[in-house]
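Reading through the structure tokens given below for one structure.
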């Protein structure tokens with residue numbers, strides 16, 4: 001029965017499918033919001049109205065894309081579908097908790113949408129800094145609803161993290177050590193640890209903000225001995241690990257895709273890849289104040305956060321060059337998934353380079369809160385995380401659905417998206433260097449040219465989304481079933497065919513370790 005199968009599911013494949021569908025839908029909402037932003041900025045002058053409504057849209061765009069698109073698709077979708085298959089487990093460790101993790105997300109999304117429907121909306125930016133987020137500048141229920149939304153999404157992620165950690169550590173076959181699990185499994189494990197350690201700090205920060213707003217506490221109010229900078233420290237102690245949470249599963253996906261389409265049986269430097277991810281995860285927790293170079297930190301504090309941030313480039317470089325080494329000498333198949341993966345490697349590296357620029361505290365004084373920062377993080381998210389999701393999606397679509405995508409449409413989709421995102425975000429580096437600030441709905445007309453180019457690019461990206469929807473419809477309409485799969489010991493998830501049966505590995509799997 002439909003209700004029993006889809007509402008009360010305890011099956012990792014069905015829950016993974018729910019996550020993917022929810023993430024895709026949220027992604028379209030987030031895309032619509034981004035199109036509104038770029039429409040407003042396409043030329044000087046007002047389109048939507050004042051800066052409050054503009055900032056409500058910007059804030060909602062960020063929250064929707066981060067908490068309801070990237071995280072549900074990468075961790076909930078790919079994680080649920082693939083982790084049990086890759087380690088030979090019958091399901092997740094806590095199947096009912098898995099269902100609850102998913103069903104906390106729609107109510108959370110509803111609360112976020114409600115926050116923009118009441119009063120003037122939450123126009124705080126995704127950082128929700130007080131005093132702007134306090135009850136003077138944002139009277140009414142909007143910010144409170146946003147905080148409750150974040151609480152639900154956070155609980156969902158924490159439960160999911162506990163589930164993945166338990167599954168990966170406890171549900172491997174006895175003969176399989178942790179260092180024999182695929183890189184995607186490692187990436188999800190490390191991501192889960194980051195979630196478990198960082199989200200409670202966010203919960204504390206936004207709960208203190210909630211009591212400041214409603215119960216007359218003064219955690220972030222100097223009038224009562226509080227300090228708004230405390231909120232920034234709490235938020236960014238979560239916020240920086242969060243950006244690694246968004247990209248780490250992508251690293252895992254790219255490792256699998258690059259290995260598969262290079263005709264290699266294993267990625268180059270497996271151990272180096274694992275340690276690099278662990279290093280990135282650890283370092284992600286000790287660099288948070290690089291988001292705060294303009295708030296008046298001591299010079300020695302700034303020196304530390306600058307150098308610590310630059311250190312992250314080393315394990316990241318290990319990963320990039322290992323992917324290139326995996327490609328080297330391989331029998332490369334130019335499939336759509338491989339194109340997404342190669343696009344990821346190139347554009348993620350560009351985003352990483354601008355990150356190195358921003359890690360310099362002296363330069364960041366000039367670039368902070370300009371479009372240079374926007375360009376930087378959209379290169380690593382809109383062309384890192386999203387390209388990784390697309391690579392994983394077109395690679396594993398036959399596994400999830402049993403049908404194959406049309407190769408030509410998939411390549412066309414990649415080409416349109418590649419042009420669109422680059423045309424959107426590359427000019428923003430110029431705007432930032434010229435001093436255009438973020439989070440404003442209008443600008444001096446000296447900035448018109450590049451904003452117009454950027455907005456045109458965003459409509460090309462929108463076209464790519466429409467092509468993708470058609471491409472998926474075409475696959476299900478044509479029903480081209482998978483005939484054969486090139487299966488090897490390093491891509492265990494394909495073992496049961498496409499799609500795999502509802503229950504896999506019902507008996508403990510026998511793994512012979514070479």
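Each Cβ is built from the backbone N, Cα and C atoms, and glycine gets one as well.
Judged by Swiss-Prot topology annotation, residue 291 lies across the membrane from residue 487. For the Na(+) site, Swiss-Prot gives 40, 45; the one candidate out of 382, 401, 441 that the record lists there too is 441. Swiss-Prot names 290, 291 for binding Cu cation. Of 240, 256, 328, the residue it gives for the same site is 240. Residues of the topological domain 'Mitochondrial intermembrane' (358-370) grouped by DSSP class, helix first, strand second and coil last, total 9 helix, 1 strand, 3 coil.
The stretch with the most CB contacts under 8 Å to the transmembrane segment (183-212), chosen from 95-117, 141-170, 299-327, 371-400, is 141-170.
When the binding-site residues 240, 290, 291, 368 are compared by the number of other C-beta atoms lying within 10 angstroms of their own C-beta, 368 comes out lowest. Counting residue by residue with DSSP, the topological domain 'Mitochondrial intermembrane' (41-50) contains 1 helix, 0 strand, 9 coil. Fewer than three CB pairs closer than 8 A are found between the transmembrane segment (12-40) and the transmembrane segment (228-261), and contact between the two stretches is not assigned (pairs 6 or more residues apart).
On its own chain, residue 369 (Mg(2+) binding site) has 294, 437, 438, 439 as residues at least 6 apart in sequence with a Cβ closer than 8 Å to its own Cβ. Here the transmembrane segment (299-327) does not lie next to the transmembrane segment (407-433) in space: the count of CB pairs under 8 Å, restricted to residues six or more apart, is fewer than 3.
Between the transmembrane segment (371-400) and the stretches 95-117, 141-170, 407-433, 447-478, it is 407-433 that has the most C-beta pairs under 8 angstroms.
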